[in-house]
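> Attaching a single structure in structure tokens format; questions to follow.
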Amino acid sequence: MSNHDETPENRLRRELPEEVRASARGAVNAPETVDLPGGGPAELTGRQRLAKSLWPPRVSRAQLIVALLLSGLGFGLAVQVASNSDSDTALRGARQEDLVRILDELDDRTQRLEDEKQGLEKQRAELENSSNQAEEARRQTVEKEGQLGILAGTVAARGPGITITIDDTKGTVEANMLLDAIQELRAAGAEAMQVNGVRVVAGTYLSDAGDAVGVDGNKIKAPYRLKVIGKPQDLEPALNIPGGVVQTLEKEQATVTIERSDKIVVDALRAAKQPDYARSSSR
Amino acid sequence: MIAVLGLVVGVVAGLLVRPEVPAAVEPYLPIAVVAALDAVFGGLRAMLDGIFDDKVFVVSFLSNVVVAALIVFLGDELGVGAQLSTGVVVVLGIRIFSNAAAIRRHVFQA
């Protein structure tokens, strides 16, 4: 550098007068110089020196050294340009501050997207949860509908229980005796029952009708067959207790047969009836 | 003429070989190239002035490259590599422009 610094300084000092001289001479003596190319170096203009050095080519030590250095420069230049231009990412030439800023922006964006993702996942979890809850509620409703239907007599029921057959040849069995039997069975835990094809529910009423018995207005005749779903081990003793239903009926000379069964089907149905006055208080 | 041929040969070789720039040299290569360009313009101007000396050219070429690389290296070590690189490029660019102006005066007489 020091060498080089020194050169321009010398040049600068010398340049102005020389150049003025050269241009003045160029204006005046230009044809002469062209006519005499072999003149002294001091009389040549820069252009002529350039042309002279370019053609004809001379092999000298200086030329070879300069050629070597210039080939090195050309090599480095080409390599640098190639490595710069074939870099596929646009970030390669970016400055550090730009890179930091881009990185920050990416971080922010990542953060935002992460937040959004979390929100959406939470929403999805809530939706799944609520859908599960709705499913559960529906299932419970169906279950409850079944239970209430059994109570109200709107659906058929099956399960373990007993069958009671009351054979009344003398026509002495009255409605109150059947009612006693039904109450006793209810007290023993009967869950669904029917008598001669009429479902017995909470609102069932019995009435005497000559030699028959009216159950909810349907006249049924002996033999009375009660199908009862409940725990057989509870139902049967409840009827057989001393002074109970069976003894009372046998005193009236009716025959009572009780059969336990694992599979009783109570398939007599009642129509569901909308109450006229009572409304659910939960609404 | 031989020098111009050398430059052409170097460019062609660089384009053909396409070597992978080693990571250690990568930050210094562009600055070294600019410094060498500065030396070449200086040499061209000296030639047009008729005071070209191959020894001066070689020394200035090599010292330019080495000093430029050294400055960048120092800047990297000090943590101001980017700024110092910019500074070196600006200085060298100014010198290249002034040399180019002198060359232009010689070649075009204007």
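Note: Cβ is positioned from N, Cα and C throughout, glycine not excepted.
Nobody curates TrEMBL annotations by hand; they come from automatic prediction.
Among the features that TrEMBL reports, transmembrane segment is placed at B:29-48, B:55-74, B:80-98.
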> Which residues of the same chain, at least 6 past either end of the transmembrane segment (B:80-98), have a Cβ under 8 Å from a Cβ in it?
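Contacts with the transmembrane segment (B:80-98): 27, 31, 34-35, 37-38, 41-42, 68, 71-72, 74.
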> State the non-local partners of the transmembrane segment (B:29-48) in its own chain: residues 6+ outside its ends, Cβ under 8 Å from one of its Cβ atoms.
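Cβ under 8 Å, 6 or more out: 21, 56-57, 60-61, 64-65, 67-69, 71-72, 85, 88-89, 92-93, 95-96, 99-100, 102-103, 106-107.
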> With Cβ-Cβ distances below 8 Å as the criterion, list the same-chain residues six or more beyond the ends of the transmembrane segment (B:55-74) that contact it, or say none.
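For the transmembrane segment (B:55-74), the sequence-distant neighbours (Cβ-Cβ under 8 Å, at least 6 residues beyond its ends) are 27-28, 31-32, 34-36, 38-40, 42-43, 46, 81, 84-85, 88, 92.
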